[in-house]
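Heads up: the structure comes next, in structure tokens.
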């Protein structure tokens, strides 16, 4: 173990190398079945974003959001970085943060000072608050973002990945059929790629459910 003085006095390159080792990419995963699925989803999402940029710019935000979400999951899987914060005890963290008088962590998601966060009974755990509406992302329902964060924190990465695939299927189905009505060449191309992407997301969700979620449910029934 290095002391505080040793860490401060060591050569800067040593710290950079240590940080890079923490984000080592598993090349075997990138060529695996799951890695190829994520890379295909990432490429098709980027193509759809380009098509929407050239035709209907109002729909490109959905494709861009899914692109960054898929990129984040590819990073977590390829680096296995999710193992460092799997099942974090967020309620204790939030309770301690609130007692210290600091801002609520979920309130940091808000970009609007006019909308006050409100609790969402039923889905939001006790002590949690709904973040205020984010201007550049439409809120589907009150408390959606806090519920999504709660789901990701308290479930495995496979369950969160399953939720990502299901939400992407719904989003791209709606956006693709809405874009094809414009009869623009780029919009029609986005519709075709969107249908292909939806089928890939559906296959990915099926594989996740069959390999990670179904065995856990069967073990729970046996107990």
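FYI, residue positions are counted from 1 along the chain as it appears here.
Using the three backbone atoms N, Cα and C, a Cβ is placed for every residue, glycine included.
Remember, it's a predicted structure, so these values are computed and weren't measured experimentally.
Features reported for this protein in Swiss-Prot:
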- 29-213: domain 'MARVEL' (DOMAIN)
- 35-55: transmembrane segment (TRANSMEM)
- 56-76: transmembrane segment (TRANSMEM)
- 162-182: transmembrane segment (TRANSMEM)
- 186-206: transmembrane segment (TRANSMEM)
Same-chain residues at least 6 beyond the ends of the transmembrane segment (56-76) whose Cβ lies under 8 Å from its Cβ atoms: 35, 38-39, 41-42, 45-46, 48-49, 82, 136-137, 157, 160-161, 164, 168, 171-172, 175, 178-179, 182, 184, 187, 190
Integer average pLDDT (0 to 100) for the domain 'MARVEL' (29-213): 73
